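The feature domain 'Photolyase/cryptochrome alpha/beta' is assigned by TrEMBL to 3-141. The FAD binding site annotation in TrEMBL covers 252-256, 293-300, 391-393. Feature annotation from TrEMBL assigns site 'Electron transfer via tryptophanyl radical' to TRP324, TRP378, TRP401. Residues annotated as region 'Disordered' in TrEMBL: 490-521. Look at TrEMBL and you will find 512-521 tagged as compositional bias 'Basic residues'.
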Amino acid sequence: METNSLIWFRKGLRIHDNPALDLARRGCKHLYPVFVLDPHYLDPDRNAFSPGSARSGLNRIQFFLESLRDLDASLRRLGSRLLLLRGEPAPVLCRLLKDWKIGKLCFEFDTEPYGLARDKQVRDFASSCGIDVHSPVSHTLFNPSDIIEKNGDRPPLTYQSFIALAGCPVDPCATTYSELPSIGETGDYELLSVPKIEDFGYGDISQEELSPFHGGETEALKRLDQVLEDKAWVTNFEKPKGDPSAFQRPATTVLSPYLKFGCLSSRYFYKRLQDIYTSVGKHTKPPVSLVGQLLWRDFFYTVAFGTPNFDRMKGNKICKQIPWSENKELLVAWRDGRTGFPWIDAIMIQLKKWGWIHHLARHCVACFLTRGDMFIHWEKGRDVFERLLIDSDWAINNGNWLWLSCSSFFYQYYRIYSPISFGKKYDPCGNYIRHFLPVLKDFPKEYIYEPWTAPLSVQKKANCIIGKDYPRPVIDHEIASKECKKKMGEALALSSSKKQQHHNDSQEIASHKTKRRKKAI
């Protein structure tokens, strides 16, 4: 018997390899493709440090709106369209299910805490109404629940253990569509067109420079084809060997924002890569290969899904409890690209303007803020990245900050990225700095990474006086890095001592229990 189906888009903003869409269209009379604009993510926040909402800066919102616009265009080509509403998603969905007489509800499984709570409300309501609910896993290569179950109901905490458990992902859906079932009656609901970014009331954004990377499935597949066209680059890719200073043609795929919004299926990406590996033969292997990077993504998703309070230090059992410093002035200097270290500042300015930076650039500024120089809490840096990155992803962003601050996963705290020499080895002439910090563009290359060391005559000739036109370093790197290493060493030693004590206490309790049982016998 045919029924009305509703496909609820959140992530998964695509037509290709979309199991929820495929399930929704099968055996249905009318198909309702729905997206609900969530004020939780979109309402303006006047108190935020950059234009946008409480959760996101302009670049990611713009990327998201472009993705919605592209999805709507794709649906229209198939004889359908995106039904866009605004409000709290769970209550809105529950009303739609009832008013549109929906018999089958389909949506992609979400692993994030906010999404899980939201989806439970809708699922419970739908089930109470006798509506069939389907929530297939397709945002990741694997089902995190399956991996955790295989590991004794605990998330694997190393990449190697995750790989050993994961196996091979299922192939992407090969289904293509010439048309989709028609939309039925929608009643008196106000159905919106995809808004422009100016429609949200974020204030005067006329002077804002928005990201050069544009959202949508069409753009994702185009970029994927361009990346995979160079098979030699694909097969030789090694993550540690990218150039973080390359900005005109980034030294990586820049596919992460499309994966974040589900404009690109990770399973489809994986399959395309495997096809190239098979055809070429010799290629790099995980963890450094491109397939290895997709597996890293799933690793973080799995650990995040199975770890309560993954996004914070307190109450997070896999996070080291480190006594980070509070220093608002240093945090703001880092956030705004005013530390006085051109390499660090140029990266932060690129982040603000483009909403994207190379992964090694992320490593540099995250290390500088936390265990390298400033000793400021990783949650503070995470919040800045969460706001500004177009590819900000809850699991991966938190996982990387835990890693780079040596709070979890990685403990070689003494390996620090120099804010001076690291960038210089990739870009000795400082072209990256000159582009994103034009105030320094006329400095000779021997001073571009350390402009405070330039004689006053050189500064005058460059039309940039350090301390006036560009700040002096807010810290002394040599002193600060040594102090950070000392603090990190003490914190990790204390953490290890507490862990050992906890183990000893547990052993002692177990021993007492055994003795009591023997006496009872």
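The backbone N, Cα and C atoms fix where each Cβ goes, and this holds for glycine too.
Reported as a whole number, the C-alpha separation between TRP401 (site 'Electron transfer via tryptophanyl radical') and PHE300 (FAD binding site) equals 11 Å. Looking at PHE300 (FAD binding site) and TRP378 (site 'Electron transfer via tryptophanyl radical'), their Cα atoms lie 17 Å from each other.
By the criterion of other Cβ atoms within 10 Å of the residue's own Cβ, the least surrounded of the binding-site residues VAL254, LEU294 is VAL254. Taking the domain 'Photolyase/cryptochrome alpha/beta' (3-141) as a whole, pLDDT averages 97 in the prediction. Within its own chain, TRP378 (site 'Electron transfer via tryptophanyl radical') has MET313, TRP324, ALA366, LEU369, THR370, TRP401, LEU402, LEU404, SER405, SER407 as residues 6 or more apart in sequence whose C-beta sits under 8 angstroms from its own. Applying DSSP to the domain 'Photolyase/cryptochrome alpha/beta' (3-141) sorts its residues as follows: 58 helix, 33 strand, 48 coil.
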